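> Let me begin by handing over the structure; questions about it come next.
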Amino acid sequence: MAEFIDLVLLAMLALTALRIIFLKDLFAVVMLFGIYSFLSALIFVNLDAVDVAFTEASVGAGISTVLMLVTLAMTGRKEKQSTHSTILPLFVVLVTGAALIYGTLDMPPFGHPDNPVHQHVAPRYIEESPKEVGLPNMVTSVLASYRGFDTLGETVVVFSAVIGVLSLLGVRRTKKKDLESGLETHKVLHVVSKIIIPLVILFALYVQFHGDFGPGGGFQAGVIAAAAFILYALVLGLPKAFAVVGPKFLQWMAAAGVLLYASVGLYSMYKGGNFLDYNTLAADPIAGQHYGIIIIELGVGITVFAVMLNIFYAFGSQAERSNIQ
Amino acid sequence: MLEQHLTALPIILPLIAAPIALILGRSVLSWGFATLASGLAFLFSWQLLSAALSEGVISYAVGGWAPPWGIELRVDAANAFVLLAVTAISTLVLVYSKDSIEKEVKAANHSLFYTAHLLCLAGLSGILITGDAFNLFVFLEISSLATYTLVSLASDRRCLTAAFRYLVMGTIGATFILIGVGLLYMKTGTLNMMDLAVRIDAYDSSRTINTGLAFIMVGVSIKLALFPLHMWLPPAYTHAPSAVTAFLASTATKVAVYVMIRFIFTVFGIDHVFVDMGMGLILMALAVVAIFKCSYMATVQSNVKTVLAYSSVAQIGYMILGLSLVSVTGLMASMIHIFNHALMKGALFMAVGAVFYRVGSVDIKAFAGLGRKMPLTMAAFTIAGLSIIGVPLTAGFVSKWYLVTAALEQGNWTVAALVLIGSLFAIVYIGRILEAAYFQKLPESRSSENIKEISWLMLVPMWVLVIANIYFGVDTSLTTEAANSASEWLFQTNNILENNMVEGNSQEVSS
Amino acid sequence: MTEILAAACIAILVVMALALVRAFKSPTVYDRILGVNMFGTKTVLFIAASGFLMGRPDFLDIAIVYALINFIGMVAVLRFFEYTSPIE
Amino acid sequence: MDFLDIVSSILLLAGVFFGFSGAVGLFRFPDFFTRVHAASVTDSIAAILIIGGLLLQTSFDLNTAKLVFILLFLLVTSPTASHALAKSARHGGLLTLAETSPQDKQESAK
Amino acid sequence: MSFILDYYNYWVVVFLMMAGFYIVISANNLVKKIVGLNIFQTSVFMLYISMGKVTGGTAPIVVEGVTQYSNPLPHVLILTAIVVGVATTAVGLSLIVRIKRAYGTVEENEFENKDDAI
């Protein structure tokens with residue numbers, strides 16, 4: 001059954017990708033990209049990667065699509081006729097694709113339990129991590145503990161993204177006269193959003209702290225919390241959102257999250273272990289792992305929330321500016 | 001305590017310093033702080049190099065998890081040597097950038113600039129030190145994102161399109177590396193480079209591994225701007241702020257060359273890459289074309305930054321040529337050239353940035369008569385230019401010398417001759433600029449302008465690099481010792497791994 | 001019971017496919033949005049049902065995220081039309 | 001199959017049926033406003049029925065709470081989205097079938 | 001037949017990757033390029049997740065009575081890669097906004113003509 005669903009979803013994905021190639025209406029392209037993201041997240045669920053699906057749905061279909069829409073609002077909806085020749089790109093793509101197909105021929109068969117991937121390194125994560133780290137969610141164990149350095153890098157990547165966006169766009173405080181932004185005429189939307197937003201923030205907190213036991217964690221929680229505020233800003237307008245959390249504050253928050261993460265590493269060095277060695281954080285190694293993971297997940301959550309919201313602010317304030325002019 | 005964590009510090013230090021530099025906010029504060037952090041990283045990497053030279057290899061398990069399960073940081077002579085160059089250049093450029101940036105970047109973005117610089121440094125150090133193939137990708141992206149930001153900070157609008165093109169190419173390159181690493185992982189089940197090396201040999205002829213090798217090579221080639229994939233580099237270097245160009249030209253591509261060396265010599269093994277796949281000939285051909293095509297392009301440009309950017313692509317050709325000779329001397333020539341070229345290009349771009357600071361243009365016409373107005377800057381430019389050409393007593397001579405020696409060792413007269421002919425082009429493009437600076441008069445229209453020597457804050461780092469150029473041209477003991485042990489180390493590990501493979505196979509057969 | 005769940009999953013997939021076709025090709029922009037929206041809500045139901053089918057129903061969190069993102073996407077689209085004319 | 005399973009199957013199948021009819025409506029109805037009507041009404045009923053069917057499969061634990069949460073969420077957001085979309089379409093100048101061809105309508109009324 | 005069953009997943013994923021890659025290198029509009037980049041990367045993620053799947057296995061979160069879990073390591077890698085992807089997208093899109101303001105267009109062939117070579 002899983003294989004059948006997989007096949008149907010893959011077919012839908014292939015059709016969507018093909019359609020995107022030929023569409024000239026960029027709004028439709030972005031909508032289909034949102035669908036593409038949704039579909040690939042479904043495939044991830046189907047292939048047992050629930051944490052990944054969580055992230056892909058909230059990031060790919062949520063944040064990326066919203067950012068693309070805001071960009072389109074400023075750059076226009078129509079793709080003009082290209083003067084480039086299509087022969088060379090097609091040739092490059094065919095060669096690359098042929099190389100990949102050639103590479104697949106010696107691949108281990110799909111889903112076979114004897115594949116090298118399942119024989120080396122991973123068995124320890126599956127068998128030992130519940131004992132060594134003490135969490136039922138192996139993905140969180142590997143993410144936060146075994147490969148905690150990667151995750152620190154990931155947090156820094158997000159942080160560098162906000163540095164880039166802020167240096168390019170900046171967030172300008174909007175003036176009094178354009179307070180009338182937002183979807184003023186949609187009264188039902190106002191009411192419903194105000195009901196939903198607290199629930200979403202509650203859900204984000206649940207995802208943040210339940211990530212050790214089920215799908216979720218700092219990254220997903222940060223994105224969902226940011227999504228709640230983005231909804232608020234979309235419906236009520238940026239100035240009102242600025243009044244709740246200002247862009248300058250978010251900038252500090254983003255930095256603070258990275259520092260919180262890194263400080264766990266420094267503290268473990270001070271305690272005599274290696275960088276990010278959570279075993280040293282408490283007398284009992286398992287408890288130490290717990291403390292370490294909770295703190296670093298919090299750091300990730302804070303940074304991701306602040307960065308995603310600040311990026312949206314930067315795009316949004318640009319859009320409002322170009323709209324006024 | 002520091003001794004124990006020496007391996008991790010060059011990454012962690014700039015990584016933690018970056019958010020603090022953002023919080024500091026004020027331009028001067030974050031400048032001082034960033035310089036301090038970078039300087040400390042330089043000191044640590046100096047110690048790291050001496051430790052690596054005496055101990056051979058230093059391994060550090062992040063999080064206390066043993067290598068194939070956790071992420072390993074692994075330092076040997078090769079990466080400690082490149083790391084030393086990267087941190088040194090970063091510190092010097094930061095000192096230099098305080099004045100340079102004031103002219104070229106909006107005041108509101110100054111602390112963002114220093115933050116991005118630190119992030120870029122952290123990314124580059126991470127790429128160099130990590131011993132884990134996926135961790136390398138993460139740090140590659142940190143440094144790339146910071147680089148796109150840095151390039152787009154200039155005030156000229158063309159920096160935006162340059163940065164965008166760089167972003168698209170760079171992301172394609174990174175995704176190719178991701179595909180390649182995925183294919184390797186699929187076949188071996190591991191991401192640790194040493195572990196990969198041991199396990200890849202068991203699958204030597206596998207099509208999946210070969211495809212993975214091809215994708216990693218193409219991806220890294222984009223990042224290091226190997227000839228047909230170099231199109232992003234000239235615009236990016238031309239339109240970025242001068243301090244950024246000085247930093248990137250002397251570090252980013254070098255680090256990518258190191259990644260290529262690491263993958264070829266440690267992960268895949270020489271026999272696999274050069275004998276089975278025949279990559280040696282391809283790399284050599286591309287390198288030779290790069291040297292000639294891009295040296296020629298450099299001679300016909302009118303923007304001096306573009307001239308130097310094309311020259312960089314050509315110089316990368318020399319590095320690839322060295323490693324494609326597959327000998328200890330050839331690899332050593334590559335390593336020396338990575339180091340020396342960082343010194344030369346750093347000094348040259350700093351000098352050009354100084355000219356932009358005073359004159360406001362880097363067109364070759366703007367250099368007319370500057371020999372008198374800015375004597376120290378132009379003297380620095382001249383010496384570094386001579387080093388690019390490869391005049392004796394400069395660092396450039398040393399790297400070319402070893403390259404030619406390596407070619408002659410194998411009786412490869414053609415390559416040796418090509419290297420020497422390539423240098424002739426360098427005489428032309430450096431000569432054009434020097435001619436304008438020393439033998440042309442400052443045009444009447446500009447004589448009223450107050451063009452004078454730049455501040456010592458910009459001159460000192462520039463001259464430190466120039467003196468280093470001369471020093472390493474005269475006293476070659478440090479560079480050759482480090483490069484030689486790096487290159488021998490790489491060949492040694494390669495041999496050990498290949499022997500291991502033979503033993504491992506026989507064990508498998510017997511069991 | 002598994003058969004019923006499987007049948008339900010397949011049927012939802014068919015509905016999703018129909019919504020997808022609407023999103024591919026539609027008479028007006030609004031129809032496209034409608035198709036995308038319908039695709040989103042059906043996906044939520046699909047995740048919920050397939051979780052029970054696969055025997056691990058504790059992944060309903062993902063369905064919540066889908067519902068949330070779908071709604072935010074719709075609001076973003078509406079906001080988008082405040083800036084640009086929807087008529088092609 | 002016990003009683004709850006039978007009820008649950010009936011609910012599921014009914015929900016799927018409504019979902020399917022909504023999708024058909026998306027294609028078969030003549031103008032946008034009728035299509036929005038078809039889609040949004042069936043969306044809600046399908047969500048109620050399918051999630052109701054699934055609720056009977058749970059053993060009243062955290063999953064039940066989550067399902068109820070999803071149901072409430074869909075019941076609030078889905079009609080809101082459809083409403084806002086229709087409103088936006090109206091403001092954007094889209095006309096109903098009756099408005100675009102008044103003659104046809106009068107003729108058919110006779 | 002088993003050959004196809006073993007590999008069909010990878011083949012479709014390769015097709016998706018190449019569709020994304022084609023959009024990146026052939027599109028003239030910068031926004032579409034970024035969309036292509038995202039599709040390309042998302043498909044690479046699928047390659048990783050496919051290799052982590054074990055037939056008959058279940059999501060790597062411990063439950064009573066299950067011994068066969070899918071491989072958690074690719075999931076971790078891809079979580080990181082998704083974040084990297086969205087970071088790149090954000091920076092790319094903000095570059096596009098600035099390009100639009102500076103050149104008045106986001107079509108590659110149009111702003112190429114507005115500047116001198118390089």
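Just so it is clear, glycine is given a Cβ too, placed from its N, Cα and C backbone atoms.
Okay, these came from TrEMBL:
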TRANSMEM  B:6-24  transmembrane segment
TRANSMEM  B:31-49  transmembrane segment
TRANSMEM  B:77-96  transmembrane segment
TRANSMEM  B:108-130  transmembrane segment
DOMAIN    B:132-425  domain 'NADH:quinone oxidoreductase/Mrp antiporter transmembrane'
TRANSMEM  B:166-186  transmembrane segment
TRANSMEM  B:213-233  transmembrane segment
TRANSMEM  B:245-265  transmembrane segment
TRANSMEM  B:277-296  transmembrane segment
TRANSMEM  B:308-332  transmembrane segment
TRANSMEM  B:338-357  transmembrane segment
TRANSMEM  B:378-403  transmembrane segment
TRANSMEM  B:454-474  transmembrane segment
> Which sequence-distant residues neighbour the transmembrane segment (B:338-357)? Criterion: at least 6 residues beyond either end, Cβ under 8 Å.
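Same-chain residues near the transmembrane segment (B:338-357) but 6 or more away: 81-82, 84-86, 89, 92-93, 96, 99-100, 103-104, 241-243, 245-247, 249-251, 254, 257-258, 304-305, 308, 311-312, 315, 319, 366-367, 370, 374, 377-378, 380-381, 383-385, 387-388, 395-396, 398-399, 454, 458-459, 461-462, 465-466, 468-469, 472, 479, 482-483.
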> So, do the transmembrane segment (B:454-474) and the transmembrane segment (B:166-186) meet, by the test of 3 or more Cβ pairs under 8 Å (sequence gap 6 or more)?
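Per Cβ check, the transmembrane segment (B:454-474) does not touch the transmembrane segment (B:166-186).
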> Can you work out which residues elsewhere in the same chain, 6+ from the ends of the transmembrane segment (B:77-96), have a Cβ less than 8 Å from its Cβ atoms?
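Result: 10, 31, 34-35, 38-39, 41-42, 44-46, 48-49, 51-53, 56, 114, 117, 121, 124-125, 128-129, 243, 246-247, 250-251, 254-255, 258, 261-262, 335, 338-339, 342-343, 346, 350, 353, 457-458, 460-462, 464-465, 482-483, 485-487, 489-490.
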> Name the range, of those listed as B:31-49, B:108-130, B:166-186, B:213-233, that has the largest tally of Cβ pairs under 8 Å with the transmembrane segment (B:6-24).
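Comparing B:31-49, B:108-130, B:166-186, B:213-233 against the transmembrane segment (B:6-24), the winner is B:108-130.
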